[in-house]
Amino acid sequence: MEGNGERDTMMVEPPDSQEFAELWLRNLIVRDNSLWGKEEEIPDDLQEVPCDVLLSDMLQPQSSSSPPTSTVPVTSDYPGLLNFTLHFQESSGTKSVTCTYSPDLNKLFCQLAKTCPVLMAVSSSPPPGSVLRATAVYKRSEHVAEVVRRCPHHERSNDSSDGPAPPGHLLRVEGNSRAVYQEDGNTQAHSVVVPYEPPQVGSQSTTVLYNYMCNSSCMGGMNRRPILTIITLETQDGHLLGRRTFEVRVCACPGRDRKTEESNFKKQQEPKTSGKTLTKRSMKDPPSHPEASKKSKNSSSDDEIYTLQVRGKERYEFLKKINDGLELSDVVPPADQEKYRQKLLSKTCRKERDGAAGEPKRGKKRLVKEEKCDSD
């Protein structure tokens, strides 16, 4: 019987690999739990984290919460590794245009609630699930912490085009049912998010249609304060892939305002550049010959030809003689001019001497044949 018992114990099947691993891990956990009582009792060689704990941490799902946003938004451009860029459709400079973009000012001029197409391009495809976020912020530093929202008048107006957008949001997306309107929990800034869609066949950019639902001059809203629109390309977890910024003005006549601001911008740039060059020249090498410098400054105006209208032929002949004399003085060298002056002076002096010699010395009038004396 004893032999049979020994045989039975010998015939017990060994546990498979899965059961063996569970027993081994259970043994390790028991040992580790016995050592977690006091930290000073743990030997130095067991201070490291056990492998099963590391494996369990690695197998747990990571949280997909987006990183917290800062109070002051970043408005600088960041193309990123994907070379994220923005483009705008070319528009005519007429006053009747509803949306126009100025490359010199990096500014978009548009009317209230009108379609503003923005073209976005990347050099390579972003990760799946990427989104495009558009946020409006104030441009000046004293207003940057405030939330850009619609004025009370437009916010209370019942508009059928609002759709799912909250009434206080300035930025809207047109023609995209997947647009999501969000409010940041830290800064309360309003933003609208749409999924990134790859360009269609034959196109290199993705187009998003935006609407601005309040004028820049509305009291209680923007109140003539300039705003910026920040468009970011983000992953599904909220990590930044690229950022672009442009200024926006919502007005009644975008074409007129663009032309006015561009002309003012060019006028401001001209005196700055000319002033800089003049100061640099004066500081480096002051002119040794002021007369020569004056001539060089006026050389451009001296070469121009002007037309003067004169009434009356006598005046015309008189002014023509003056002009001819000035033209001759420009052609004749200064040394020859001095010779001609000496000749003219000698002629005038000779005439005066001849006239003085012909007259009587004592002041009596010389008689002519036809004239008679008073006594006669």
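Just so it is clear, glycine is given a Cβ too, placed from its N, Cα and C backbone atoms.
Since the structure is predicted, the reported quantities are computational estimates derived from the model, not experimental observations.
According to Swiss-Prot, the protein carries these features:
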- 77-268: DNA-binding region (DNA_BIND)
- Cys151, His154, Cys214, Cys218: Zn(2+) binding site (BINDING)
- 1-36: region 'Transcription activation (acidic)' (REGION)
- 150-171: region 'Disordered' (REGION)
- 249-256: region 'Interaction with DNA' (REGION)
- 257-306: region 'Disordered' (REGION)
- 303-334: region 'Oligomerization' (REGION)
- 342-376: region 'Disordered' (REGION)
- 347-372: region 'Basic (repression of DNA-binding)' (REGION)
- Lys95: site 'Interaction with DNA' (SITE)
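Shown here: features listed in Swiss-Prot, placed on the structure.
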residue	record	DSSP class
Lys95	site 'Interaction with DNA'	coil
Cys151	Zn(2+) binding site	coil
Cys214	Zn(2+) binding site	coil
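Within 8 A of the CB centroid of the Zn(2+) site residues Cys151, His154, Cys214, Cys218, the other residues of that chain are Arg150, Pro152, His153, Glu155, Met213, Asn215, Gly220, Gly221, Met222.
Cβ packing within 10 Å was compared across the binding-site residues Cys151, Cys214, Cys218, and the lowest neighbour count falls to Cys218. The Cβ of His154 (Zn(2+) binding site) has 20 neighbouring Cβ atoms from other residues within 10 Å, across all protein chains displayed. If one looks beyond the region 'Oligomerization' (303-334) by at least 6 residues along the same chain, the residues whose Cβ comes under 8 Å of a Cβ in the stretch are 340. Residue density at Lys95 (site 'Interaction with DNA'): 12 other Cβ atoms are found within 10 A of its Cβ, drawing on all protein chains shown. Mean pLDDT for the region 'Basic (repression of DNA-binding)' (347-372) in the predicted structure: 63. Each residue of the region 'Oligomerization' (303-334) gets a DSSP state, and the totals for helix, strand and coil are 20 helix, 0 strand, 12 coil.
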